[in-house]
Every structure is written in C-alpha cells, then in structure tokens.
Amino acid sequence: MKKKLVLIIIDGLGLRLESQGNGFALAKTPVFDRLFQEYPNSLIAASGQEVGLPEGQMGNSEVGHLNIGAGFVVYTGISIINNALKTGKFFENEKFILAFRHSIKTGFPLQIMGLFSPGGVHSHQDHLFALIDFAANFGVKKLNLHLFGDGRDVGPKSIKPWIKMLNLKLKNYEDYKIASISGRFYSMDRDKMFDRVELGYNALLGKAENTFTDPIDYINFQYEKGVSDEFFEPAINLKVNKKDFLADDHPVIFFNFRPDRARQLSHLILQTDLYEQKPKNPIKTDVFVSMMKYEGINCLVAFEEMRVENPLGKLISMAGFRQLRLAETQKYAHVTFFVDGGVELELENSDRILIDSLKVQSYADFPQMSAVEITDKLLEVGQNYDFIIMNFANPDMVGHTGDLKATIKAVEILDFQIGRICKWAEEKNFDFFITADHGNAELTEDENGNPSTKHTTFPVMLISSDKTIKLKSGKLANIAPTILDYLGLDKHPDMDHDSLIIKDK
C-alpha cells in the first residue's frame, strides 16, 4: 500500500537552549512538547557550509528550500560570488565589463543598485565594494549608487558604520556618488505591492519627495522619525545632477544575488511580461546585469547558478504520486520554485494552492498571518493527494519584526495548527515529517536586549510521525533522501546525501 506523507516546513523556527528572547522556548507549545517527547526526532544543520554558505553564515529561506529539495548541498549566490572573488574571476567577468564599456562609450553613468549590508541573504556589501574597485580600475568615470537599507537580515538600525566605510572609499573618486537611498520595504517587495516598489523605482530616476546632501544626515533624520533601515523613505541626493539619475540607455548592475525580492523592481526597469504592472515613468535600457539569474527577467547574468536537475518533487511525480504544494504568498515561491531547484517545474499530477498573505506593514500586529487558512485548506483537500509540501511562514515573518511577544503568539498559533494536522493525519492515514528551513524565532533579542530581526545559525528540527523508525542528525540536504527512503523510492544518483532513517543491522 502506497504511503501518504506531508512534509511540513516551518519557516524560521530553530532550536536554541537559552530561553531569553526565545520565541519558541517561551511559547506554550503542548503539541510540540508531545512530539519531541513521544516521536522520532533529530537535529538538522541549516546554516553555513552545511547548506552551501560561507562558514558561520546564517541560513535563509531560499537556500533552505533548495537544499531540502536537492538531496545535496547547493552552493548558491554568495558562495559562488565569494569564490570568484577569491580566485580573481570576479574581476574578469564579461557581463560587468560589458556594462563598464557601455558607460565609457556613451558617457552615461554606471548605475549600481542593491541591498547594502553584510547580511549575506540577498546581497553582500563586499560585492559592492569589489564592483566599485573593478569599475574604477577599468576606467568608468561616473558611477551612481542606489542603496537599499536592510534592517532585517542585520540589526534594524545598523547601516551607518557601513555608509561611513563606503563614503571613505568614494572620496577616492570624484564622480562616484550615493545617488539614492530607500528601504527594502519599498525596493524589494515580493508581494506585488507595486505602489511601494514604484516609489523605490522613482528614486532611481531622481524622483522622490525626500532629498539629502549627506547620507548620514538623512539616516539620522529617518531615525529621529522612528524609521529603521528597512523602511527608509526613498530619497535622492541633491548633489547628483538630474540628468545623471537612471535614464534611457544607462547601464545597470543589480548586485542582489537572491532573485525573489529583486524581480519586481527589475520588472519595472525592463518592463517585462512577468507582471501586468507597468511603470508610470518608463525608461529603456539594454544593458542590465543581475548578479545571478532572476527567473522571468531577461537580462545579462553575471554568475551562473548551480543546477538541481532531479529535485524531490520531480522524483515523486515520476513515481506516480499525486502531490500538492501549499503556502501563503510570502513563502509560496519557496514550496514551488525553490524546493524544485530554482526553476518553475510543471510536474504531472501536481497542484499548487496559494493562500493570500495579509497586506500589512508589520506582521507583529497579525502574528497569525494565514496559518489558520493554510491548515483549513489542508484539511479540506489534503486527502486527495499522496504527497504534500506545505509551509508555515509565521515564525520567520513575525520573528523579523524583533517583537518577542508577537513571535511567541505566532509560535503558539502555529502549535495549535500543527495539532490540528496531527489529528487529521491520524484520521486520514497520513504520515508527516516536520522540519524548518533556518532559525529566527528562537532569538529575537541580541546580547544587549535590543530587538534582533535576522535569521540565526541554530539547528532546526526533524520530527517524524512514525514511531516505528529512528532518526539520526544531519543537514537539510538529507531530507529529500530521507523522504524517498520512507516512501520506498530510490534517490537519484545526483543526491549524494543519505537517508537519516537508522536501519537495523
């Protein structure tokens, strides 16, 4: 008899012993308590080199889901680019050189934009510094930087020291300037909130209500208003000539390597077919370079990604299982695009259900997000499928607010939903595995008691509903082989990691 299985991916829920600032440990979680006490479980590494990131680098949702589906460690953006820097290949990149030559030939400024922080989730400031050096050494005379405040993968108000470092570098070059500043809330939305994105886009064009002559002064002004890095209101530098802001035929480099929050802004610049929304102030450029491939965006790509040819979902489909992917908007791409290897796969006998995420400024005010609706939908249609991958976004998205009380509430709401799924699974003869893609909710305060809004390097859980098996510890790349093993299916030779189910000798 074919087994039926649900893989529940809890976004941003790591395991940490200390209780201070721990939204998981401080929450009332009778369901999780029972699962840990009575069911097979183990620890899963979800950060650093274990998931293809630099040593000590916190995990993230994209990398986590890629590794979960791949069955091997997937080296992604930051590792690929860092290696190019290490070997010197970065400074031979033909796509960058093409953009530089276009700037030199036309006399138009090189426009470089991206998330400015050492967070390493969507971008890294070291890559920007390297680009500036590369452009200068190649002979680019005029360069404009369009910086997006982070405040999420790093501290909420942490950008000033890095801006000061950047200013020191820019002093070496007469026409290299910070042309605009905006928060990632505007420039890196992924939830089709184009009213926000257009404000960030307009700042690239030199159109914004807010202005500055000194970036540090503007940051201080925003802080005085209670605005953190993530939410910086788009502003432009009055010292930059109006004609030097982004315009027709200007070369552009977008130094974000992670695609999901880069696609909407890229779409507005390039006017692709990816979304219906069109910019009110369109421009045209044929020289647009992305660090890595942004799915659906036709542009020059600086670095090729590692390919996942035979992900878990593809093998499940080939085995004749009817499968479902279920998540809310914030994590829908992760249970489809990313877990399928970073491509849009059309799998036989496979359905996708998207539950709309609440359109709010802060999930701290709505820690339930769409967890109840996701569970309701599973209970409504789940019995029609053999294999289900689903995601709960609460711990991650609420954890990003740094609000401990809200994070505790999010975890408690999630615990209740997991309880509903446990009951349903037993009634419908389903088994389940519960894991997470990375940590977050378990650390909402730093060592000084200030809010921590970033991911963590703590391990995550793997829990099985089947009391007849035993699990050993591993990493996210072990999960696909474990599921295939449990379902009695062979893993693909590409999957060089083993099942975590302990076999009797």
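Placement of Cβ uses the backbone N, Cα and C atoms for every residue, glycine included.
Summarising the annotation, Swiss-Prot assigns Mn(2+) 2 binding site to ASP11, SER61, ASP437, HIS438 and lists sequence analysis as the type of evidence. The active site, phosphoserine intermediate feature in Swiss-Prot is assigned to SER61; the stated evidence is sequence analysis. Annotation source Swiss-Prot lists substrate binding site at HIS122, ARG152, ASP153, ARG184, ARG190, ARG258, PRO259, ASP260, ARG261, LYS331. Summarising the annotation, Swiss-Prot assigns Mn(2+) 1 binding site to ASP396, HIS400, HIS455.
Of the listed binding-site residues ARG190, ARG261, HIS400, HIS438, HIS455, the Cβ environment within 10 Å is emptiest of other Cβ atoms at ARG190. Taking the Cα atom of each, ASP437 (Mn(2+) 2 binding site) and ARG190 (substrate binding site) are about 19 angstrom apart. When the Cα of HIS400 (Mn(2+) 1 binding site) is compared against those of the binding-site residues ASP11, ASP153, ARG190, the shortest separation belongs to ASP153. Residues ASP396, HIS400, HIS455 make up the record's Mn(2+) 1 site, and a Cβ search at 8 Å around their centroid adds ASP11, GLY12, SER61, ARG152, PRO395, MET397, GLY399, HIS438, ASN440, ALA441, THR453, LYS454 from the same chain. Considering only the binding-site residues HIS122, ARG190, ARG261, HIS438, the residues lying within 10 A of ASP396 (Mn(2+) 1 binding site) on a C-alpha to C-alpha basis are HIS438. Put simply, HIS455 (Mn(2+) 1 binding site) is 17 Å from ARG261 (substrate binding site) when counted between their Cα atoms. Reduced to three states, the DSSP call for SER61 (Mn(2+) 2 binding site) is helix. If you take the Cα of ASP153 (substrate binding site) and the Cα of HIS455 (Mn(2+) 1 binding site), they are about 6 angstrom apart, rounded to a whole number. Same-chain residues at least 6 positions away in sequence with a Cβ under 8 Å from that of ASP11 (Mn(2+) 2 binding site) are, in sequence order, SER61, LYS331, HIS334, ASN391, PHE392, ALA393, ASN394, PRO395, ASP396, MET397, ALA436, ASP437, HIS438, ASN440. Summary: among the binding-site residues (ASP153, ASP396, ASP437), the fewest other C-beta atoms within 10 A of the C-beta are counted at ASP153.
Cα of HIS455 (Mn(2+) 1 binding site) to Cα of PRO259 (substrate binding site): a distance of 18 Å. A sphere of 10 angstroms centred on the C-beta of HIS122 (substrate binding site) encloses 27 other C-beta atoms.
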